[in-house]
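See below for the structure under consideration.
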């Protein structure tokens, strides 16, 4: 008996696993020695539940707190609750005024159906032009907001403007919650989510840029298919190197196609979606899938190269064919803008140069990068991006050499680049960052990515382990050090951010700022009291947006830059600040059935902007009244600047225009219908 027991012990000792190949026998011994319970212990389940519960609670709380912070900041900035309705509406700037005005129109409509009909056949906004505002401006969020306001009985509790901005701030809160959850899922710890939110709030955008990003989420952005195009490129590269299951990627492609065609139908057969590069790319990818062969063979590698070339060629070809056969409105100004932006062409055109002078369309300023650096997010983002990028390259080279990916990547492996979601986010952030380096307005898409990726990296033990593998760290156990750093580094960052930036945020909420614009209030009041209901006003697009919102009167142009006709109108109306004759300006204004002209002193006497970017400078260049480049012919205008000359009240200006109102900022002139040409 003793001999048999000794033999059994010796047999068990021989069966101890010495390599990964003996794992199964080791598991069998363990089962014989110590029975495994059928389910996990209660404390393990409780620990998982507590982790998920606390993380979800922190995510929701972060979003709610950010929404409340924005609401409080907005109140302190504009004294919103202490102002009259007209003063509140003036705080809506640019295109946001137009969107809110249509929200108001929906609330005034006798029924939802009638309101939608009036918006889709709108002839009360722009003179001599009937527009489908729902299609052209993607007013679906405004439609939904108006329905919610009336369906929930909020009209008996809260004013429309508070409900509207509440939705705006609520969406910003949801956005922050999404950033929290994304960083949490990538790193495995909700500490990364907290750090993401902290960096995001500290590096938020300026107020106007925040408004722009808010409206990007408020409306179904008409250029959203371009952003989805970048995502499709990221997925295509992920699939090309066999870094993710091809079936999963193609399921996403199917979602893209379904979304495009659904959007095409719901947006009144928006042909821009059919000729979008996204649809061409996805269709090309689906067609190229038919040529894929079995993986792991030499022919498969050759086919990968051919497949890559085929997708690129098919995408361009399909896009050209679609544009040939699908009737669509080509945004020619966009292509011309990109040509001038990248130095491929030069132009004196007012619209192109005016767009190039817009701050949101220029390259990011040094202040932007300085702010990201001072908050420490940019240095950590750069570190995380470099480590993930080179780890991704290692994985790609392994795939090219025919090596397969591990089904489960452990912490000891130190290969963060083998995780498909990491590769996708790295590619996507590089694409977005490249665009943000050219156009500053796109930084509102890239900056949250920077915060999320940086927070994920410093909280991820896998990232630190990848770095230690490269450094061949031996003095300290790398796994232990990686775990320590993944907790210590974000904690130190969080404490430093709290110490330095929390007092600033509190100061913003305690300081009372003043938004005081009595001249604009007086102008709007005069229009509502003195101007005929059927009057048409002309002026700068930004002011016209405010007039449409605050008074409801018809205007000649709008602050929208996605329509060639509106851009041409803007250029023509801006001629009131050029060196043109009174007769020329009169002909331009009467061609749009204008009754009143508003001259803004801030534009006429503009001195503070970048040299060559003032409206009057751009007009002089476009009209050939100044030297633009060396070698150009110098010409002079025999007329003075219209906005100056019309104020003097002498002939022939008084023959065409009669001043009916003025204050420190605005001069309003009535367009004479009966003209005396006597000097």
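Numbering starts at 1 and runs along the chain as displayed.
In case you wondered, yes, glycine gets a Cβ from its N, Cα and C as well.
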Given ranges 137-160, 161-184, 329-352, 353-376, the stretch to which TrEMBL attaches the annotation transmembrane segment:
161-184
Annotated stretches the transmembrane segment (378-397) and the transmembrane segment (445-467) touching (3 or more Cβ pairs under 8 Å):
yes
Six or more residues out from either end of the transmembrane segment (223-243), which same-chain residues have a Cβ under 8 Å from its Cβ atoms?
249, 252-253, 256, 259-260, 272-273, 276-279, 281-282, 285, 295, 304, 307-308, 311, 395-396, 399-400, 405, 420, 423-424, 427-428, 431-432, 435, 445
Is it true that the transmembrane segment (161-184) and the transmembrane segment (445-467) have 3 or more CB pairs under 8 Å, sequence gap of 6 or more?
yes
In the same chain, who gets a Cβ under 8 Å from the transmembrane segment (255-288) while lying at least 6 residues past its ends?
120, 132, 134-135, 138, 140, 220, 222, 225-226, 228-229, 232-233, 236, 307, 310-311, 314-316, 318-319, 322-323, 326-329
For the transmembrane segment (445-467), which partner among 308-326, 422-439, 479-498 gives the most CB pairs under 8 Å?
479-498
In the same chain, who gets a Cβ under 8 Å from the transmembrane segment (422-439) while lying at least 6 residues past its ends?
186, 230-231, 233-235, 237-238, 243-244, 341-342, 360-364, 385, 388-389, 392, 395, 416, 445-446, 449-450, 453
